[in-house]
Amino acid sequence: MANPIAVISPTFATTLCIFHTVLYVGVLYLSPSTRPRAIVNPSDIERPNDPNYIRLRSRAVTFATIVSLLITLCVVKNATGLSWFAAQKEMGLWPKVGLWGWLKEVGIVMGLVWWLFMGSLWEKFVVGEGWRWEELRRDWEKVRYTWAGWKNIVVGPVTEELVFRAGMVPLHVLAGRNFGSIVWTTPLFFGIAHIHHLYEFYLRNPTRLTLGILGALFQFVYTTMFGWFAVFVFLRTGCIWNVILVHSFCNFIGLPTVGRIHNQHEGIVWG
């Protein structure tokens, strides 16, 4: 994804990115069925894991994703004069190198991620009990048969990457920003989108605000750092599906345990 001469203004690109971020998070607060709430009765404790709650939130962010992609697609098409299909390829929605070339890219990218997550893999499968294949099988069954697993491994990575990478990065490319600037700055929208978890945490834990702030800061830093890698991969390969696979893998493996701050939230924007 090369840097062309600017055809839209940086201010317009940034404004649209703010809109995408607010839309993606905001749809979760429009309905009482998807809005977080304080613990009033025992059933509220398990509400974040309730299949119906997850299903409704999945629908909400899917709607936001479609709207954001259509807006960016219209901007890309009108700014470049490309056909609708070519504009979609410019957004990374289709591989540009053919099937075998794409599979090669996937292999290289996943190889890099494997090394980045070597600590997590070592902890998950080696430390303590040896190779825990039964635990891996249970994790996979959770992904296949539960809404919680579907949220973390499929809906979360797909919608987040489509919005925060495919929906945002092409705008900054059209604005003429250089490769490094896009890599370092666009993930800030992704990191900021996670901060709303602080409000959800406060509703459920009003006496533990300090822990919630630490958790929000941890999520902001980690998700922004992950965003740097994700945007780098997206710009180098020009295919959003490579980044989605990376995101799904990272959510499946998870971080090494670093205590209560890590465990208080799911690693997705709307979890």
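Cβ atoms here come from the backbone N, Cα and C positions, even for glycine.
Those TrEMBL annotations? Automatic predictions, nothing curated.
Among the features that TrEMBL reports, domain 'CAAX prenyl protease 2/Lysostaphin resistance protein A-like' is placed at 146-253. Look at TrEMBL and you will find 12-30, 61-87, 99-117, 178-199, 211-235 tagged as transmembrane segment.
Averaged over the domain 'CAAX prenyl protease 2/Lysostaphin resistance protein A-like' (146-253), the predicted model has a pLDDT of 92. Residues 36, 57, 60-61, 63-65, 67-68, 71-72, 75, 159-160, 163-164, 167-168, 171-172, 174-175, 177, 186, 189, 192-193, 196, 269-270 of the same chain sit 6 or more residues outside the transmembrane segment (12-30) yet have a Cβ under 8 Å from a Cβ within it. Mapped onto DSSP classes, the domain 'CAAX prenyl protease 2/Lysostaphin resistance protein A-like' (146-253) shows 94 helix, 0 strand, 14 coil.
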